[in-house]
Every structure is written in structure tokens, then in C-alpha cells.
Amino acid sequence: MTSRSGAIDAVRLLGCVAIVAGHVWTRDATAEILYTWHVPLFFFLAGWFWTPQRSMRTELSKRWRTLGKPYVAWVLLLSLTTCLLIVANRAEPDRLLGGLWGGSAALQPFTTIWFVSVLFFTAVLYRAISPLPAGWQWGLGIAGALLGALFGPQLAATPLSAGSAIGCLIYLLAGTALNRPGMNRRWLAATVVLAVSAVLIATGISRSMDVKFGDYGTPLLSSAVAVGISYALVVFSTIVFDRLEAAAPTASALARTALVIVLLHPLLLYVPGPDALRLAIGVLVPVIVGLLCLASPASEWLTGQPRRPRVRATASDRGECRAPGDPSSTRASRDT
């Protein structure tokens with residue numbers, strides 16, 4: 001039987017809550033705290049558990065099941081919802097066109113659909129360069145990050161934001177590079193990295209990012225800070241779950257709804273009310289819907305995961321983590 005990592009699943013849940021919070025409160029109030037890391041985190045995790053020897057054909061097949069099918073399903077559902085909003089004079093027709101184009105043109109309720117397509121194309125890009133020596137891979141990753149800093153908005157404006165994969169490649173490379181024996185328990189290094197990142201953000205040296213619109217903050221530095229925060233979260237979560245093994249099954253069960261949280265919450269933010277209540281609704285309702293979807297025949301289309309997968313949670317994160325929409329089970333060690 002395959003197993004999941006309660007520690008990594010908890011990090012994924014934290015990232016989902018941060019994404020919802022970033023949309024509940026204004027960008028000015030949350031940019032420095034959340035936008036620097038909450039999206040890069042999932043790209044970092046995809047790299048953390050990268051499978052080096054997988055073929056391109058297998059990669060495409062996997063990403064279609066875990067990201068492509070949910071993308072199609074949710075675009076259809078959100079398009080139907082948008083048509084109803086247009087009829088009710090709650091949205092303009094161009095809102096629907098933007099959602100179909102995807103990427104930075106996708107506005108509420110398509111707010112987060114770009115994330116799924118960019119993760120898909122970034123994974124495919126990483127697979128394409130995987131046969132190259134590590135030095136070449138990093139050269140391309142750094143060049144991509146610089147191109148993102150220079151031409152981010154133009155890359156984000158491409159259909160489905162496919163061009164943004166160029167700027168996001170660096171996060172997968174970093175995740176892969178940092179997944180080494182013992183790296184997930186180096187609490188002192190993680191503390192130093194987190195403290196330095198906080199200082200760089202607080203002083204404005206590292207500007208916040210908004211990957212959706214091609215804003216990568218301070219060239220290279222903001223990306224490095226995002227990687228550092230992501231790494232620190234993995235380390236601290238691993239240490240916590242080493243001591244709270246009993247909480248791992250709950251974290252893993254809830255984390256299986258991650259893709260639904262990411263994609264459904266923008267629609268729920270039409271509901272008026274205090275921000276704290278909207279945050280609770282934006283997280284809890286998708287979790288409930290996600291659990292129902294996981295038990296349905298349409299699970300793979302709506303969650304990116306097989307119906308009722310038979311998984312077992314563990315307190316160790318030495319297994320394969322998934323970004324939202326990726327159902328691959330965690331393994332006892334990195335799949336190499």
C-alpha cells in the first residue's frame with residue numbers, strides 16, 4: 001500500500017489557506033506576507049518529489065490526468081456559472097472570454113484557473129530539459145527567471161499562461177535540488193533562511209510577487225526568498241509531524257481536497273460578509289465539496305485524483321508530495 005506524508009499535506013493545506021486569504025483581503029494588505037511564497041510553494045513541492053527517469057509520454061499522461069482533466073472540467077463549470085452571472089447582470093461577457101483564454105486574462109470566478117495550466121506546462125518543460133546535465137538545467141532555469149523578471153506580463157498574457165512556465169521553472173529545479181537526505185530536518189538552517197527572508201521582505205529589498213500577472217518581484221532575489229520560505233515550511237512541518245503522528249491522517253484527508261479549494265473559492269467570494277467569515281467559507285465549503293467529489297465517479301475530473309484512493313498517512317515526509325491536482329502517492333523515498 002502506498003502512503004502519504006502528513007507533514008507535506010499540512011504544508012499544502014497551509015498554502016491553500018494562504019491563497020484564499022490573499023483573495024479575501026486586499027492585495028496591499030497581504031502581498032508582502034503571502035504573495036511571495038503561496039504560489040511558488042506548490043511548484044517547489046512538485047520539484048521536491050520529481051521523478052527523474054520518467055519519459056515525456058508518461059509525464060504528459062500523468063499531467064493530463066492530474067491537471068488537464070480538472071482544468072477542462074472546472075473551466076466548463078465556471079463558464080456555466082459565469083453565463084448565469086451575465087444573465088443576472090453580475091458580470092460582463094468579456095469575463096467569460098477571459099476565462100476561456102486563461103492565464104492573466106482570467107478574472108473572478110476563473111481567478112485561479114491559471115495556476116493549473118502553468119503547473120502543467122512547467123512540469124512538461126522541466127521534463128523536456130531533464131535529460132540535460134544539471135548545470136545546463138540550472139542555466140536554463142536562471143535564464144528563465146530573468147526572462148520572467150523582464151517580460152513577465154507578456155509571458156503571462158499567452159494563452160493559458162503557457163509562457164509563465166519559463167519563469168516558474170526555477171522553483172521545480174530548486175525543489176529537486178533541496179530534496180537530499182536529512183535536508184527536511186535541518187531546523188537551524190531553516191530558521192536562518194526564514195529569518196533572512198523575513199528581513200529582506202520587511203525592508204523591501206525583496207519585493208512581493210504576483211506570478212499570475214508576471215510580476216516576479218526583485219529579479220532572482222524574490223524567487224530565492226520564495227524557495228527559502230517553502231523549504232523552511234517543509235522542514236518545520238516535518239519536525240512537527242514527527243511528534244504528532246496521530247494528526248497525519250487528518251492532514252492527508254483534508255489535503256486531498258486541495259485542488260477544489262484552489263479552484264472553487266473565488267466563486268464563493270461573491271458572498272458578502274466580514275472578511276474572517278469569507279475566509280472560513282472560502283476554505284471550509286471547498287473542503288466539504290472536495291470530500292464529496294472524491295467519493296464520486298467524477299473524482300478524477302474534479303479533484304485530479306482517483307475515486308477514494310486507498311492511502312495511508314505517515315509522519316515522515318520521505319514520500320512523494322503533490323501540488324494541487326496531482327494524485328501521485330507519496331513513497332518511502334524520492335522516486336529516482
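Glycine too: its Cβ is placed from the backbone N, Cα and C atoms.
Here is what TrEMBL records for this protein:
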type: COMPBIAS; residues: 327-336; note: compositional bias 'Polar residues'
type: DOMAIN; residues: 7-287; note: domain 'Acyltransferase 3'
type: REGION; residues: 305-336; note: region 'Disordered'
type: TRANSMEM; residues: 32-50; note: transmembrane segment
type: TRANSMEM; residues: 71-88; note: transmembrane segment
type: TRANSMEM; residues: 100-126; note: transmembrane segment
type: TRANSMEM; residues: 138-156; note: transmembrane segment
type: TRANSMEM; residues: 162-180; note: transmembrane segment
type: TRANSMEM; residues: 187-208; note: transmembrane segment
type: TRANSMEM; residues: 220-241; note: transmembrane segment
type: TRANSMEM; residues: 253-273; note: transmembrane segment
type: TRANSMEM; residues: 279-302; note: transmembrane segment
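Counting C-beta pairs under 8 angstroms (sequence separation of 6 or more), the transmembrane segment (138-156) fails to reach the transmembrane segment (187-208), with fewer than 3 such pairs. Of the two recorded stretches, the transmembrane segment (253-273) lies close to the transmembrane segment (100-126), with three or more CB pairs under 8 Å once pairs fewer than 6 apart in sequence are set aside. Of the two recorded stretches, the transmembrane segment (162-180) does not lie close to the transmembrane segment (71-88), with fewer than three CB pairs under 8 Å once pairs fewer than 6 apart in sequence are set aside.
Counting Cβ pairs closer than 8 Å and at least 6 residues apart in sequence, the transmembrane segment (187-208) and the transmembrane segment (71-88) reach fewer than three and form no contact. Cβ atoms under 8 Å from those of the transmembrane segment (100-126) belong to residues 19, 23, 39, 42-43, 46-47, 50, 56, 59-60, 63, 67-68, 70-71, 74-75, 78-79, 81-82, 85, 153, 156-162, 164-166, 168-169, 171-173, 211-214, 259, 262-263, 265-267, 269-270, 323-325 of the same chain, restricted to positions at least 6 beyond its ends.
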